[in-house]
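Asker: The structure follows.
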Amino acid sequence: MAEVQDIPLQTLSRRGEHSTGTSTVAVSRVDSKDDGDAGQMESSSPSGHEGLSLPPVDKGFAAWSFVVAAFALETLVWGFGFTYGVFQEYFLHHRTFGDASEAAIGAVGTVALAIEYFEVLIVILIAQQWPHKTRLMMWSSLALCCGSLVLASFATKVSHLIVLQGILFGIGGGGLYAPVIIYLSEWFVVRRGLAGAIIFGGSGAGGACFPIAVNFLLTNLGFRWTFRIWAAFMFVFGALALTFTRPRLPVTRPQNQDGLNLWTRVKRQHWGFLKSPLFACMTMTIFIQALAYFPVSLYMTVYTVSLGLSPLNGTLVLSAFNLSSIVGQIIFGHVCDVAPYQYVVIVSGAGAALSAYLLWGFAHSLGLIFAFVIVFGSLSGGLGSVWPAASVDIAGSEQSVVSNVFGLLAMTKGIAAVIGPLIAAELYHPEQSTMRGTYSGYGFKDVTLFVGSMMVATAAGESQHRDTQSLSTTNQQTQDETGLESTEPAGTELPPVDRGFKAWSFVGAAFVLETIVWGFGFTYGVFQEYFLHHRTFGDASEAAIGAVGTIALATQYFEVMIFTLLALQWPDKVRIMMWSSLVLCCGSLLMASFATKVSHLILVQGVLFGIGGGGLYAPVIIYLSEWFVARRGLAGSFIFGGSGAGGALFPVAANFLLTNLGWTLRIWAAFMFIFGALALSFVRPRLPVVRAQHIDGLNLWTRLRRQHWSFLKSPLFLCMTATTFIQALAYFPVSLYMAVYTTSLGLSSLNGTLVLSIFNLSSIIGQVIFGHVCDIAPYGYVIVASGAGAALSAYLLWGFAHNLGLIFAFAVVFGSLSGGFCSVWPAASVEIAGSEQSSVSNIMGFLSMTKGLAAIIGPLVAAALHHPEQAAMRSTYSGYGFRDVTLFVGSMMVATAVGGITTRLARRISW
């Protein structure tokens, strides 16, 4: 039994290492004189981090870079939300959405802010239970934010805007920002108030700068391009911020071996603070204060314009209002570090009330408006800086609930973000917008009195807060702090191999990924024919346009090996990689929809989509070897059949969209994201995943060299690699040129699309049959049959295909025989690996890389052999400029059959 030892609070392991009965946030309580030393102490957690020196608390580059990064996230999320007043004035002034009501247009901003506030607690609870998923959640949320803005740029109704800029952006914003609350308690203790104040000042910074930028963009470009530019801006700076937004304490995968769901685990946390009068009082105070704050934030631009001032002045007023909150947040945050935070709340409420009654009430000029927004903005906008101190105070001895308290306070403010503007809308009288009174006016008199009254109630509520503090209850719930659980508990049964719902649901989901990744790639022939026929990119050459599809496919094939190696080294990062790759695929298609040059298309639809596709699909290769052994060939054939299914259905859909809508790439991006996200829910490993422990300090290259690479010397591997390369040299030219060949006969582009669909669909038949055969017979025979049959179909069917019937016959035969070739890869990889079965995924990666290389060279050779100037010339054998291509394809397939025979011989050679 291990010797008992004292462990400083700062070095406690993160959530996920302990039993589900606790949800440790590891908030440290240390004296300022000890915090530096404590921060340097080594972790004594039993989670594999012994000897790991943690960054210091309250100081150092890591701590303050976190503050800067969190400030950036605060700026992007909340700063943009507080800028909506500019959008609201623009939509109303330009009647962008026709007769949409002011309430409906205003709902966009309030819904977004409300969801962001409301979501904080939910996201915090999820992050506490699955801390290793937090980074994935933040990246996915950033993608959702940017994607929602891009989609919002196509809105034609205010309801679209409510769903996209309101609901979806709100969900993304909350998920992107909420983990900052957890990490703040890890990085700062003594100076938590100051750090929190700087972070929370980001909303003011964004709210100050963004309105001016948004007003400029709206005036010069319109709201559609404003959203698109903002999405790009947010993605770039959000991604940069996420690089430095990291926890201080080590993160481990949680041990949820008790099978409890999230709700049960949440109930097991400490919720005693909910009975605390201190918590109830603070919650009510925040609610009342927010009821007054949001109406001012949303209506100041409208009020300014009501005085006859220009929209630009309204924008500057809103900027000054948001900028002033930075001053209040920093000052109040610093005060909270040295004095009771209750005094700050009283000063904030009383001062804001006076500014509303006296300044706003008599603000009949731009000067008084600026005076009001500066005073009110600094006093009311700085209240958020008391939250960290209040949360610690409410939590008492149960510091593990600090983040939960913070989340509930945010949720309270989120409710007020909806109710406050609704009340203000009822109190505002736009029909009096030109009527000035001695006190207030322009329809805002009742709103002014309401805001002032709520701020008086804020100050009064905090006075009561001071009186009730001594009555606060403490959280006395007990917990087991010594039971550390292993990653895979004894007696836990793994899902069965080769059967069961989980195994075959993996196959179904992997089939979907294969469909949307490779099926779309094999559909490019339709795009190529469309671009050439419509001269979409002017005088761009056929080779340049064709390069888009070949580069995408080649990148995907090439990348499989790279991502497989990365996934083997960091298995706990695979899910992040797959989700990020899905986002990259969809984002690249969205960007490609704006391409004006073929070079743009090569970069985004070619390179970027290829990178994303490879990263999204590669882990399937690893997981396949875990779920299936005896029936691996059959399972692999079903999965690989997805490329045929997509290649059969997608050309028809793409042709319809290209012909009728022109929004093909944008629609495809949405389609891919929905079905890709659904598939990723079921693409999971069979074996437990643990966080990689690279305590030896070795870099990736060194670790790769320590793997088993002896198969590279195997004659069988060399033979199989050469055979795969030769076969692919013939396959890709047919895939890319069948639509072009069909139209060369004078047939319609629709016929070309149907031929390509049949070609891809036929590959499913070959993959399923060949996969099943590989489970019961030597795969070398399959290679021979595939190569010989495909060669005969090329020489005899394609060579004499002068009508649509023979073209279809060739597409069916060649497609099934050549398209099913990849089904031999699992069996061949297992045999090549021999006793080193851990190398199976690496071997499949090399085969994929080889095919990727051929995906570039094959079409280039075919382009050199194709003679488009002879497109109208028919000969007895072949013709239409494709004679040399036909002979080349047939010859390569003959060489493939020879390669199959060679593999049978190479099996007998030792190395």
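Each residue, glycine too, has its Cβ placed from N, Cα and C.
What you are looking at is a predicted structure, and each value in this text was computed from that prediction instead of being measured.
What TrEMBL records for this protein is below:
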type	residues	note
COMPBIAS	8-26	compositional bias 'Polar residues'
COMPBIAS	469-479	compositional bias 'Low complexity'
DOMAIN	67-464	domain 'Major facilitator superfamily (MFS) profile'
DOMAIN	484-908	domain 'Major facilitator superfamily (MFS) profile'
REGION	1-52	region 'Disordered'
REGION	462-495	region 'Disordered'
TRANSMEM	104-127	transmembrane segment
TRANSMEM	162-184	transmembrane segment
TRANSMEM	277-296	transmembrane segment
TRANSMEM	316-336	transmembrane segment
TRANSMEM	369-389	transmembrane segment
TRANSMEM	503-524	transmembrane segment
TRANSMEM	544-569	transmembrane segment
TRANSMEM	576-596	transmembrane segment
TRANSMEM	663-683	transmembrane segment
TRANSMEM	754-774	transmembrane segment
TRANSMEM	781-801	transmembrane segment
TRANSMEM	807-828	transmembrane segment
Asker: Going along the chain, which residues at least six beyond the ends of the transmembrane segment (807-828) come within the CB cut-off of under 8 Å?
Answerer: 624-625, 632-633, 636-637, 640, 643-644, 716, 720, 724, 727, 730-731, 734, 738, 741-742, 745, 755-756, 758-771, 774-775, 779, 782-783, 785-786, 789-790, 793-794, 797-798, 801, 840, 843-844, 847, 893, 896, 903
Asker: Using a Cβ distance cut-off of under 8 Å, indicate which of 316-336, 369-389, 544-569, 576-596, 754-774 has the most pairs with the transmembrane segment (277-296).
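Answerer: It is 369-389 that shares the most Cβ pairs under 8 Å with the transmembrane segment (277-296).
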Asker: Short question: most Cβ pairs under 8 Å with the transmembrane segment (663-683), which of 316-336, 369-389, 503-524, 754-774?
Answerer: 503-524
Asker: Average pLDDT across the domain 'Major facilitator superfamily (MFS) profile' (484-908)?
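Answerer: For the domain 'Major facilitator superfamily (MFS) profile' (484-908), the model's average pLDDT rounds to 81.
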Asker: Under 8 Å between C-beta atoms and at least six residues away from its ends: which parts of the chain pack against the transmembrane segment (503-524)?
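Answerer: Tertiary neighbours of the transmembrane segment (503-524) are 495-497, 548-549, 552-553, 556, 585, 613, 616-617, 620, 623-624, 627-628, 635, 638-651, 654, 668, 671-672, 675-676, 678-684, 686, 735-736, 756, 760.
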Asker: At a C-beta cut-off of under 8 Å, are there same-chain residues at least 6 beyond the transmembrane segment (369-389) that contact it? List them, or none.
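Answerer: Same-chain residues near the transmembrane segment (369-389) but 6 or more away: 184-185, 192-193, 196-197, 200, 203-204, 286, 289, 292-293, 296, 300, 303-304, 307, 317-318, 320-333, 336-337, 341, 344-345, 347-348, 351-352, 355-356, 359-360, 363, 406, 409, 455.
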Asker: If we skip the immediate neighbours and take only residues 6+ beyond the ends of the transmembrane segment (544-569), which ones have a Cβ under 8 Å from one of its Cβ atoms?
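Answerer: Same-chain residues near the transmembrane segment (544-569) but 6 or more away: 517-518, 521-522, 524-525, 527-528, 531-532, 537, 577, 598-599, 601-602, 605-607, 609-611, 613-615, 617-619, 621-622, 692, 700, 703-704, 707, 732, 736, 841-842, 844-846, 848-853, 855-856, 859-860, 863.
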